[in-house]
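Input: a single structure, listed below in structure tokens.
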Amino acid sequence: DRQTLVAVLQFLRRSNLRESEEILRREARLLGDDLGSVATVATSSPGVAAVAAVPPGKGEARGNCEVGPSSRREPREVGNPCAARSLGGSPVSSPSSKITHSGDISAVVVEDQPDVSAVLSAYNQQGDPTLYEEYYSGLKHFIECSLDCHRAELSQLFYPLFVHMYLELVYNQHESEAKSFFERFHGDQECYYQDDLRVLSSLTKKEHMKGNETMLDFRTSKFVLRISRDSYQLLKRHLQEKQNNQIWNIVQEHLYIDIFDGMPRSKQQIDAMVGSLAGEAKREANKAKVFFGLLKEPEFDVPLDDEDEEGENEEGKPKKKKPKKDNVGSKSKKQDPNAPPQNRIPLPELKDSDKLDKVMNMKEAARRVRLGPECLPSICFYTFLNAYQGLTAVDITDDSSMIVGGFADSTVRVWSVTPKKLRSVKTAADLSLIDKESDDVLERIMDEKTASELKILYGHSGPVYGTSFSPDRNYLLSCSEDGTVRLWSLQTFTCLVGYKGHNYPVWDTQFSPYGYYFVSGGHDRVARLWATDHYQPLRIFAGHLADVTCTRFHPNSNYIATGSADRTIRLWDVLNGNCVRIFTGHKGPIHSLAFSPNGRFLATGATDGRVLLWDIGHGLMVGELKGHTDTVYALRFSRDGEILASGSMDNTVRLWDAVKAFEDLETDDFTTATGHINLPENSQDLLLGTYMTKSTPVVHLHFTRRNLLLAAGAYSSQ
């Protein structure tokens, strides 16, 4: 609306904010010097000045309450939270103009890494420190007295405003006011922000803010709030009437308000989704198309089984076996419509040994137990006794023949869990004597003298936090506090490569389901994609605001999920390194991830003891499984996806009905657009069983090819 625009421009001129005035003028296409002759400005909805009218997406007006350069939707924002910082003058502090555009502004300079002093200087031009408590309590009173339907949504403002107002006071060296502000209002914040508030309470002087990462994150990444248009208008009106510029400045500068049209969300719906370090995910972040389908399996003939139990029935046997085999094959013959193109990313060729293994796998699958509520899996628990070295990681091979433990004393120990012992290849001199044409050459190259149940691998110089076997069982990965990922040969039990890329501890690593590629994530907040034959990473996935604590490949190997201490899960596209999904809802660092075998769903576990279920295609939370009382360290779907097993520090393994959890999902367009998720109230209906160990936290779970559940952990005597 014209008066508002004129008023804003005049205010900018009076305040000597030339640069901002120029930018606003350019955006509004007001090139004349005379403020009186205002060109008409297209508006996207009555009473909202849209300074560059771009039609909003499918039937929704997107709101972003910032003016001037900071409203630029920088395409790289997903990949790097620090990339979208604008340096084009101060923001315009008028609550009445709002921009709904996603066009580019050429005048904006983008920096990749924020300069600390530049980031903090935004706290410079501030109001009267003695009034901060009054401002905050005024807003608090207003929100608490508003209608129930708006109160839940507007209450989301309390935490980010509290943090920024406190930091402003500290930065401007009003230490006593900051202390009193903190003491008066910190008790009002939601319980899941307690850890962040503990860090905040230690920042009492301007000098403390310089080196504090959490602080910098808060400053550089906008805190995202998802609010309905009605609630937002209510807030705007209140701040205008009260002329509460201090709070409005913070809303403009540091918050990203994602406005949607429709009913405000309830307290339960909001609580399910919030809790991460930077608020919720923008709806834009979960719009990209994800190819979550499975790749077509290569076709080859499955030879028939000779040693079948009914040896006499020679005639009937092929007939009986054949249909089963076809079943297994036919699953993969039709191309999944949601699958990525077969050659979207280069995958390694199948070797003869891989084909043999696939055949074995199909034979095992034919004998697989169909699980369900009436038929629960048996659980075999591997307890590491007397593990004084401190067990920190476990993995089991796909065919369940070997188990590996990573330990705090920096060793990696590999055990055979079948009667077949672990043997190394003979020395070069001995190998030269072998007849290479003989049928059992693979057997002959092994040195019987080296046979043992356990092999210890030395090489790391710090605790080993992650281990992963390659699908062909020839290699083993381990990652450590020493900042390296090591690739070990399981033929010679020696280290082949040390991959150096992370400068800090590496918390997790995992091989791709097709081998060759692997992923690692660490304290430096990024995940890296590697190939075994490259010593440099192929991709670096940057965007998390805290440590990347766990990593997982999607079954089609085109995507990687990462869980972080910033309490979010991100899904990355291996092809181009883009972040295609951001999931928020956990109230503590994420420690376990599992994709369903069909690739459609993701289960995540965290220190909050909850297991959350996500629909990858729609980018929505579709379930919440409550029951564990401590960190969930292990998650695994059964081979056909009927059951989800979760293992926790509370010494239990729990089995959940995955089929029931994912049926009748509400994934209509409205839900997707607004995030009005309705989680079933009682997750106890989905709990099929709880199995206690005596005193062993569960750190790993694995379903064998026949659906026997293996679990592992180290006995703790406390």
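Quick reminder: no glycine exception, Cβ is built from N, Cα and C everywhere.
What TrEMBL records for 86-97 is compositional bias 'Low complexity'.
If you look up TrEMBL, you'll see 302-313 marked as compositional bias 'Acidic residues'.
Annotation comment: TrEMBL describes 325-336 as compositional bias 'Basic and acidic residues'.
What TrEMBL lists as domain 'TFIID subunit TAF5 NTD2' is 127-255. Each residue in the domain 'TFIID subunit TAF5 NTD2' (127-255) has a pLDDT score, and their mean in this model is 82.
What TrEMBL records for 58-99 (among others) is region 'Disordered'.
Here TrEMBL flags 302-354 (among others) as region 'Disordered'.
If you look up TrEMBL, you'll see 384-425 (among others) marked as repeat 'WD'. Long-range contacts of the repeat 'WD' (384-425) within its own chain (CB-CB distance under 8 A, at least 6 residues past either end) are made by residues 357, 360-361, 431, 445-448, 450-469, 471, 473, 476, 478, 480, 482, 488, 490-493, 699-700, 702, 704-705, 708, 710, 712-715.
Marked as repeat 'WD' by TrEMBL: 457-492 (among others). Within the same chain, residues 351, 353-354, 357, 390, 392-399, 401-402, 404-414, 422, 424-425, 498-511, 513-515, 518, 520, 522, 530, 532 sit at least 6 positions outside the repeat 'WD' (457-492) and bring their C-beta atoms closer than 8 Å to a C-beta of that stretch.
Under DSSP, the residues of the repeat 'WD' (499-530) split into helix, strand and coil as follows: 0 helix, 19 strand, 13 coil. Residues or ranges marked as repeat 'WD' by TrEMBL: 499-530 (among others).
Sequence-distant contacts of the repeat 'WD' (541-582) (same chain, six or more residues past either end, CB-CB distance under 8 Å): 78-81, 213-214, 217, 221, 275-278, 281-282, 285-286, 288, 290-295, 339-340, 344-345, 347, 507-514, 517, 519-523, 525-529, 588-595, 597-599, 602, 604, 606, 614, 616, 619. Summarising the annotation, TrEMBL assigns repeat 'WD' to 541-582 (among others).
Among residues of the same chain six or more beyond the repeat 'WD' (583-616), those with a C-beta under 8 A of the stretch's C-beta atoms are 192, 195, 272-276, 279-281, 290, 292-294, 338, 546-547, 549-556, 561-565, 567-571, 622-637, 639-641, 644, 646, 648, 650, 656, 658, 661-662, 665, 667. Positions annotated as repeat 'WD' by TrEMBL: 583-616 (among others).
The DSSP breakdown of the repeat 'WD' (625-657), given as helix, strand and coil counts, is 0 helix, 19 strand, 14 coil. Annotated repeat 'WD' per TrEMBL: 625-657 (among others), in sequence order.
Counted with DSSP, the repeat 'WD' (583-616) comes out as 0 helix, 19 strand, 15 coil. Secondary structure by DSSP for the repeat 'WD' (457-492): 0 helix, 19 strand, 17 coil.
Remote same-chain partners of the repeat 'WD' (625-657), defined as residues 6 or more beyond its termini with a Cβ less than 8 Å from a stretch Cβ, comprise 365, 368, 370-373, 376-377, 379, 381, 588, 591-598, 603-607, 609-613, 683-684, 686-703, 705, 707, 709, 711, 713. The helix, strand and coil residue counts that DSSP assigns across the repeat 'WD' (384-425) are 0 helix, 22 strand, 20 coil.
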